[in-house]
Amino acid sequence: MKMSRSEHSLQALSWRKLYLSRAKLKASSRTSALLSGFAMVAMVEVQLDTNHDYPPGLLIAFSACTTVLVAVHLFALMVSTCILPNIEAVSNVHNLNSVKESPHERMHRHIELAWAFSTVIGTLLFLAGVVLLCWVKFLPIKPKGQKNGTVSAGVAAAITSTSIMVPFGLVFIVFAVHFYRSLVSHKTDRQFQELEELEDLQNELDHREEVSTLQSPGSLYP
């Protein structure tokens, strides 16, 4: 059975959505596994100086940031692990109609949530964790005999890392907002194109019904 141009376009659109969902899940799983692993290693390997009096807020912030970071990435990894095999199974079948068996349409919100957690929220938490780790690591470093009024080398190193990471974090936020707005605009344009394709398909189906009605024997001999 041959497909019309509109039907073929709808099939191509469905497959494009499937491949996009699969790519997002793969990117989320790789990014989440990598960043959560780094966060866990940083928390385990950091060596606190027991002779130094750390500010309680610094330790609480570092612990909370690392824990939330791991939890966010594990959630994204869990969603990717649960949904990705079902999409992979459908994408490996060489049948155009098999795209209807994929759960990517029903699980669209979960896929977008996992992608946002992994690439946006998780990355921001990772940047914040790097800054807090620098403060925890470098704050106790202080040469012997240094006066209390001067800035120690450890504090200077922590301030330097913070001053570098904060502008980079702002640039990342601006880029994320700009990318999201561009993506929404692109999706809006695609929605209009899909509506036009559906309208063309409906007109084509109506035309087929009219032709079949005119060619039927009952229409020629009442």
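Every residue gets a Cβ built from N, Cα and C, even glycine.
Per Swiss-Prot, the features are:
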TOPO_DOM  1-30  topological domain 'Cytoplasmic'
TRANSMEM  31-48  transmembrane segment
TOPO_DOM  49-58  topological domain 'Extracellular'
TRANSMEM  59-79  transmembrane segment
TOPO_DOM  80-112  topological domain 'Cytoplasmic'
TRANSMEM  113-133  transmembrane segment
TOPO_DOM  134-154  topological domain 'Extracellular'
CARBOHYD  Asn148  N-linked glycosylation site
TRANSMEM  155-175  transmembrane segment
TOPO_DOM  176-222  topological domain 'Cytoplasmic'
Residues from the same chain, set at least six apart from the ends of the transmembrane segment (31-48), whose C-beta lies under 8 A from its own: 54, 63, 66, 69-70, 73-74, 76-77, 80, 117-119, 122-123, 126, 129, 133, 136-137
Model confidence over the topological domain 'Cytoplasmic' (176-222) (mean pLDDT, whole number): 70
Within-chain partners of the topological domain 'Cytoplasmic' (80-112) [C-beta distance under 8 Å, separation at least 6 from its ends]: 11, 14-15, 17-19, 21-22, 24-26, 28-29, 32
Per-state residue totals over the topological domain 'Cytoplasmic' (80-112) - DSSP helix, strand, coil: 23 helix, 0 strand, 10 coil
